[in-house]
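Colleague: I am attaching a structure below and will ask some questions about it afterwards.
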Amino acid sequence: MSPYAMSMLLSSLSTGTIITLTSTHWFLAWVGLEINTLAMVPLMSKMQHPRATEAATKYFLTQAAASALLMFAAATNAGYTGEWTIMNMQTTIPSFMLMTALMIKLAVAPFHLWLPDVIQGLDLMTCLILSTWQKLAPFALLIQINAELNPTLMTFMGMLSIIIGGWGGLNQPQMRKMMAYSSIAHLGWMIIVLTHSSHLMMLNLLVYLIMTSSMFLMMMSLSSTSINKTSISWMKNLPLMSTMMLVLMSLSGLPPMSGFLPKWLILEEIVKQNMTLIATIAALSTMLSLFFYLRLSYVVSLTTSPTTASSKMLWRLKMNLNKVMSTMIIMSTMLLPLTPTILNLF
């Protein structure tokens, strides 16, 4: 793709998200989401491959349906209240439709089925954008209307996302689909705590963005899209593969890493809300995600591929760690000691 076209699409992507983040009017928020979607479709189909075209088509149809539902809900609410203000959601039916539209855009269970298929047909950079940047605008709208959301329904969808995110990633040989189910599981934690503490949700979103970005940047550096390719990536860059193990442990939420911080605080908040059973089920369901992260760590670090690598052996003389990746990796693994400072900030 031409650099001019790429810069134009990335600028449109940024503009759409910023419009949605700064809007207090439903029509402006809808316009921002539409700009976001229309800028994302050419980025998806730039590979000139049938899988990429299929992924772009699925993404466009899903997002168009969600946008139409969101616009219909906003118009219905305007008919009830006479206003298009985002904060003025006082009726049940428009609030339910808006929540459904935003859950479709975020790929929260049970509206998650489009995400693994779409993400499998994309290149890693587009997967990174879809898994991180595209979550900001819907979450900004959810935070603004969280007082009108149904806590029971949000808790149910959050629990379903955690279970499906862990269950779906168990037997995945493809790294991109594994990261898609990981995204669904992390979104479940955010959805559960959204109606109780939006500050904890934002903290969880921030840590998720850091961990997912560092994982995709490492996958791009190693050109690994499947478990088989990842298992021989130690020949390309041994220190980076060692660091990938730490990021995987952080994604699973093991205690010394940054990923443990939001899960710990969310479980504490849920228990304070007298939802001990929900907290227990969520903690046990995380074991499913932990299993496939540990399986990937085992394959990468303790086994050798049974077949000879088809690629040439690379000299391990240069470390191709750029500053962005290094910063992301450090933040993905070492935020836990800063917990008091982070809590004061949020």
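For all residues, glycine too, the Cβ spot is worked out from N, Cα and C.
Annotation source TrEMBL lists domain 'NADH:quinone oxidoreductase/Mrp antiporter transmembrane' at 23-288. The annotation transmembrane segment is assigned in TrEMBL to 56-75, 95-115, 153-171, 178-195, 201-222, 234-254, 274-294, 321-343. Among the features that TrEMBL reports, domain 'NADH dehydrogenase subunit 2 C-terminal' is placed at 290-343.
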Colleague: What residues in the same chain, six or more past the boundaries of the transmembrane segment (95-115), come closer than 8 Å to it by Cβ-Cβ distance?
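Modeller: The answer is 33, 58-59, 62-63, 65-67, 69-70, 72-74, 76-77, 89, 134-135, 138-139, 141-142, 145, 148-150, 153-154, 157-158, 160-161, 163-165, 180, 183-184, 187-188, 191.
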Colleague: Answer yes if the transmembrane segment (234-254) and the transmembrane segment (56-75) have at least three CB pairs under 8 Å among residue pairs 6 or more apart in sequence, and no otherwise.
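Modeller: No, since the transmembrane segment (234-254) and the transmembrane segment (56-75) share fewer than 3 Cβ pairs closer than 8 Å, they do not count as touching.
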Colleague: Give, as a single whole number between 0 and 100, the mean pLDDT over the domain 'NADH dehydrogenase subunit 2 C-terminal' (290-343).
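Modeller: Reported value for the domain 'NADH dehydrogenase subunit 2 C-terminal' (290-343) is a mean pLDDT of 72.
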Colleague: Under 8 Å between C-beta atoms and at least six residues away from its ends: which parts of the chain pack against the transmembrane segment (274-294)?
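Modeller: Distal contacts: 155, 158-159, 162-163, 165-167, 169-170, 172, 178, 182, 185, 188-189, 192, 248-249, 251-254, 263, 266-267.
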Colleague: Compare 56-75, 178-195, 201-222 by their Cβ pairs under 8 Å to the transmembrane segment (153-171) and return the stretch that comes out on top.
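Modeller: Answer, by Cβ pair count: 178-195.
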Colleague: With Cβ-Cβ distances below 8 Å as the criterion, list the same-chain residues six or more beyond the ends of the transmembrane segment (178-195) that contact it, or say none.
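Modeller: For the transmembrane segment (178-195), the far contacts come to 103, 106-109, 112, 115-116, 119-120, 127, 131, 135, 139, 142-143, 146, 149, 151, 154-155, 157-166, 168-169, 172, 201, 204-205, 208, 212, 215-216, 251, 262-263, 266, 269-270, 278, 282, 286, 289, 292, 296.
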Colleague: State the residues, same chain only, that lie 6 or more residues beyond the ends of the transmembrane segment (321-343) and have a CB under 8 A from a CB inside it; answer 'none' if no residue qualifies.
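Modeller: Residues 203, 207, 210-211, 213-215, 217-218, 221, 240, 243, 246-247, 250, 255-261, 265 contact the transmembrane segment (321-343) from elsewhere in the chain.
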